[in-house]
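A short write-up of the structure that comes next.
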Amino acid sequence: MTNADPHELQKFSDLAHRWWDPNAEFKPLHDLNPVRLGWIDSHAHLAGKRALDIGCGGGILSESMAGLGAQVKGIDLSNEALGVADLHSLESGITVDYEAIAAEAIAEREPGSYDVVTCMEMLEHVPSPAGVVSACAKLVKPGGWVFFSTLNRNLKSYLFAVIGAEYIAQMLPKGTHDYARFIRPSELAGFVRATDLHIVELKGITYHPIGKRFALSNDTDINYLVACRRGA
């Protein structure tokens, strides 16, 4: 059985045509991308590396990593999003190999094949995040890097990421997130410990509404990033 929620897939497929509009529903991803890209590159030094972007959607992060010199493959289960990603890759001239395949399936086919694996803003949208983390650990080469980002589960994250972002500021469409699927850092750490990955860094992401920008911080109460490495 595929580790995917049909409702979640349809939700993002319906918006796929707006993925690259920096002022539409995916504006937060566009605003967040330079921060997460810089953080990933500071650890993994992407130039010349083979990278896999799991849950790539329309390809915002995939193209950005390729632009820094990585050989990138992006995977997703939304054919609509992948169609948009392919088209934008042709328009931009930045080469990314896209495929509709689940993380668990490609892990069986290509174990230990990637220097870098990214799984950003995706774990909170699948039925079994532990299964995705396990697949990431299988996909990365010994000594390679795996990066996750997701949302903490607490009252503050509910108020800011759901009520604030979706209903008050309307930064995101209503229903984008299911609070019950948010993941505490301790829970994600448990998923990681069940593999041969180890956590190198945990960072928070803070949104500054006055400047309308994201920045790295030590506050992991809402959005957070985790850098992991596989043992050599």
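Cβ coordinates come from backbone N, Cα and C, glycine included.
If you look up Swiss-Prot, you'll see ARG36, GLY55, ASP76, MET120 marked as S-adenosyl-L-methionine binding site, on the strength of sequence analysis. A sphere of 10 angstroms centred on the C-beta of MET120 (S-adenosyl-L-methionine binding site) encloses 23 other C-beta atoms.
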Farthest-apart CA atoms of ARG36, GLY55, ASP76, MET120, residues recorded for S-adenosyl-L-methionine, distance in Å: 19
Under 8 Å by Cβ from ASP76 (S-adenosyl-L-methionine binding site), same chain, sequence gap 6 or more: GLY55, CYS56, GLY57, LEU82, ALA85, TYR98, ALA100
Protein Cβ atoms within 10 Å of GLY55 (S-adenosyl-L-methionine binding site), excluding its own: 23
